[in-house]
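> What TrEMBL records for this protein is below:
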- 38-517: domain 'Major facilitator superfamily (MFS) profile' (DOMAIN)
- 36-59: transmembrane segment (TRANSMEM)
- 149-166: transmembrane segment (TRANSMEM)
- 173-191: transmembrane segment (TRANSMEM)
- 203-224: transmembrane segment (TRANSMEM)
- 231-254: transmembrane segment (TRANSMEM)
- 260-278: transmembrane segment (TRANSMEM)
- 345-366: transmembrane segment (TRANSMEM)
- 372-394: transmembrane segment (TRANSMEM)
- 403-420: transmembrane segment (TRANSMEM)
- 432-453: transmembrane segment (TRANSMEM)
- 465-486: transmembrane segment (TRANSMEM)
- 492-512: transmembrane segment (TRANSMEM)
Amino acid sequence: MKLKGVFAKSNSGKSETSTEEWLEITIGNFGKWQCWISFLLSLFKFPIAWVQMSIIFLARSTQFWCSQPIEFSNMTEQQWVEFSRPSGEKYDLNQLNNGFCNMKDLSGGNESLPCSDGYDYNRTVFESSIITEWDLICGKERLVDVSQIILMSGILIGNILFGLYADRYGRKIILIICIVIQTIFGFIASWSPWYWGFVISRFLVAVANGGTLVVSFVMCVEIVGGKWRAIIPILVQTPFGIGYSFMGVLAYYIRNWRQFQYTLSAISALFLWYIWLIPESPRWLFVKGRQMEGRRILEKAAKFNGIKTEVFEQNFEKLSSLPTDTKKPSFGDLFSTPILAKRTIWLCLIWFFDGISFFTITQYVGHVGQNIFLTVIAGGFLTIPGQLICLYMIDKFGRRNTIASWTLVSAVCFLSIIYFPKGMYPHDWQRLTLTGIGIIGVSISLCAVYLFTGELLPTVIRNTGLGLCSVCSRIGSMLAPLIISLHDIAPFLPLLLLGIFNVIEFFLLLMLPETAGTHLPEVISDLEVKKYKSKKHKNNNDYVAVPTVGDPKV
């Protein structure tokens, strides 16, 4: 029996079935099995958020002063601070990073002396942090930034390394390796008695975290089809905001940085159960020619979805061969054809600007409120409306149009904030409103660009391509602190740059094709073949209509 619309003629004359129809025919585009696996994979967003954002609580700035010698122990803390304060120095309890690196000469001299007994800290909000643990003050402040830059570089390396290995050796095995590394070194980071031991441990956690970020998302894209290919990759992003908010709640109750880091690592260790809970991606198995393994997973999925065994076998027998590519992927493959090279370059630039925008604006919001716990909790939940709006718009208006329109909205918001100077209006409501809309716009762009990128790249190099794009995003995130520091030169500069970057991203998006309603490309040749077939279809009835993934201009 010939399945209408399923087969397309290959160059060899043999019919091939795309995995898009193959998935629909065997187990359906979406069922209980896909729902369960997608839910499990979405939970990875919790540790992803914790690793990337926990520095907010691990290194919270606080007031400090020289430790009180024993002979002055009869003084209260406030009396000692005032007594030991160097001449001419001011101390403001409302300033977080405010303190003295020296103290006055207690013998009556006019000179300021080093703190011979070390430092004490205001522990009203936090019992301890990495700042209080290793005295990252008085010339050592930059070590906090160094630790975060090293962490982001770890995520960057993980995106590249594990993205490539997942295309070569499989999604599941790489995901499990990442979970093990993340668990082990997460605990080590909480126990480390040395600053550099903490930094190196967190770097290795970040490498593994970068792998789980890319691989878990790709698996979600590959197990669903039809309209669900747009819905599920967006919904699985939601736990990131929830995890970010949950971290704020956890930090409120756990004010000791070691206990906080240990608790996050202990919760993340629960993902070790995924060794038994998640399967390999059947799409990847079939593309790599491992048909029997893929069929066994599909049989279990069909049973979970309520499809009878005999029905599954009948449907499976109707299918023709699938396009395969057993060649080991490399980054060079992303530039192996003109169409793919252009897509890769434009996507890398888009992710770069998205990384700058997201991390810059979220840090900008972090300076708005005085209550760090409330600010983080609210900031996490603020990303959720953007994801729900994204879910509606990508189905209604397409992927590219959704990203482009909200990128432009964000640009307008960032540039408009410049015209409302801080403190001019009550509670700065105009600035806060525009900032909130800008964050929603950036959240929508980030959600949709994950899906958009996954649909533009073939299965055999999808992880590799997403890994490279994530690297560009991480490079952008590293530039965020530098952009924010331009506020000291001129308050409008960070917002001006954000506006310009988003306008550039808007025009880059217009150079890529829309992917809504198209099949996922499986092998690199699909980008050329499908374009060729769509052209041939106009004059040759031997070719069955196949939705075009490539655009003749791309």
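Glycine is treated like the rest: Cβ placed from N, Cα and C.
Mind mapping these onto the model and telling me what they sit next to?
The average pLDDT computed over the domain 'Major facilitator superfamily (MFS) profile' (38-517) stands at 83.
Only residues 6 or more beyond the boundaries of the transmembrane segment (36-59), in the same chain, are considered here, and those with a CB under 8 A from a CB of the stretch are 126, 129-131, 136, 144, 147-148, 151-152, 155, 182, 202, 205-206, 209, 212-213, 216-217, 219-220, 223-224, 232, 235-244, 246-247, 251, 257, 260-261, 264, 267-268, 271, 274, 277-279, 304, 366, 372, 376, 380.
Beyond the transmembrane segment (173-191), the same-chain residues lying 6 or more positions past its ends with a Cβ under 8 Å from any Cβ of the stretch are 47, 51, 158, 162, 165-166, 197-198, 201-202, 204-205, 207-209, 211-212, 215-216, 219, 258-259, 261-262, 264-266, 268-269, 271-272, 274-275, 278, 280.
Same-chain residues lying 6 or more positions outside the transmembrane segment (203-224) and placing a CB less than 8 Å from one of its CB atoms are 23, 29-30, 34, 37-38, 41-42, 44, 47-48, 51-52, 150-163, 166, 171, 174-175, 177-182, 185-186, 189, 231-233, 236, 278, 281-284, 450-451, 454-455, 459, 462-463, 466-467, 470, 474, 520.
Here the transmembrane segment (345-366) has long-range neighbours at 56, 372, 375-376, 379, 410, 414, 435, 438-439, 442-443, 445-446, 449, 453, 456, 465, 468-470, 472-477, 479-481, 483-484, 494, 498, 501-502, 504-505, 508-509, 511-512, meaning same-chain residues at least 6 beyond its ends whose C-beta is under 8 angstroms from one of its own.
Among residues of the same chain six or more beyond the transmembrane segment (403-420), those with a C-beta under 8 A of the stretch's C-beta atoms are 357, 361, 390, 393, 397, 428, 430-431, 434-435, 437-438, 440-442, 444-445, 448-449, 452, 492, 495-496, 498-500, 502-503, 505-506, 509-510.
Counting residues 6+ beyond its ends, the transmembrane segment (465-486) has Cβ neighbours under 8 Å at 145, 149, 152-153, 155-156, 159-164, 210, 213-214, 217-218, 331, 334, 344, 347-360, 363-364, 450, 453-454, 457, 493-494, 497-498 in the same chain.
Residues of the same chain lying 6 or more positions beyond the ends of the transmembrane segment (492-512) and with a Cβ under 8 Å from any Cβ of it are 342-343, 346-347, 349-350, 353-354, 356-357, 360-361, 364, 400, 403-404, 407-408, 410-412, 414-415, 417-418, 445, 452, 456, 483-484, 486, 551, 554.
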> Can you name the far-off residues of the same chain, 6+ from the ends of the transmembrane segment (260-278), with a Cβ under 8 Å from a Cβ of it?
37, 40-41, 43-44, 46-47, 50, 54, 57-58, 172, 175-176, 179-180, 182-183, 186-187, 189-191, 219, 247, 250-251, 254
> Any residues 6+ beyond the ends of the transmembrane segment (432-453) with a Cβ under 8 Å from its own?
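Distant Cβ neighbours of the transmembrane segment (432-453) are 217, 221, 229-230, 233-234, 237, 241, 347, 350-351, 354, 357-358, 361-362, 364-365, 368, 379, 382-383, 385-387, 389-390, 393-394, 399-400, 402-403, 406-407, 409-410, 413-414, 416-417, 420, 465-466, 469, 505, 512, 515.
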> Apart from its near flanks, which chain residues at least 6 from the ends of the transmembrane segment (372-394) lie with a Cβ under 8 angstroms of it?
49, 53, 56-57, 60, 125, 230-231, 234-235, 237-238, 240-249, 251-252, 362, 365-366, 401-402, 405-406, 436, 439-444, 447-448, 451, 516
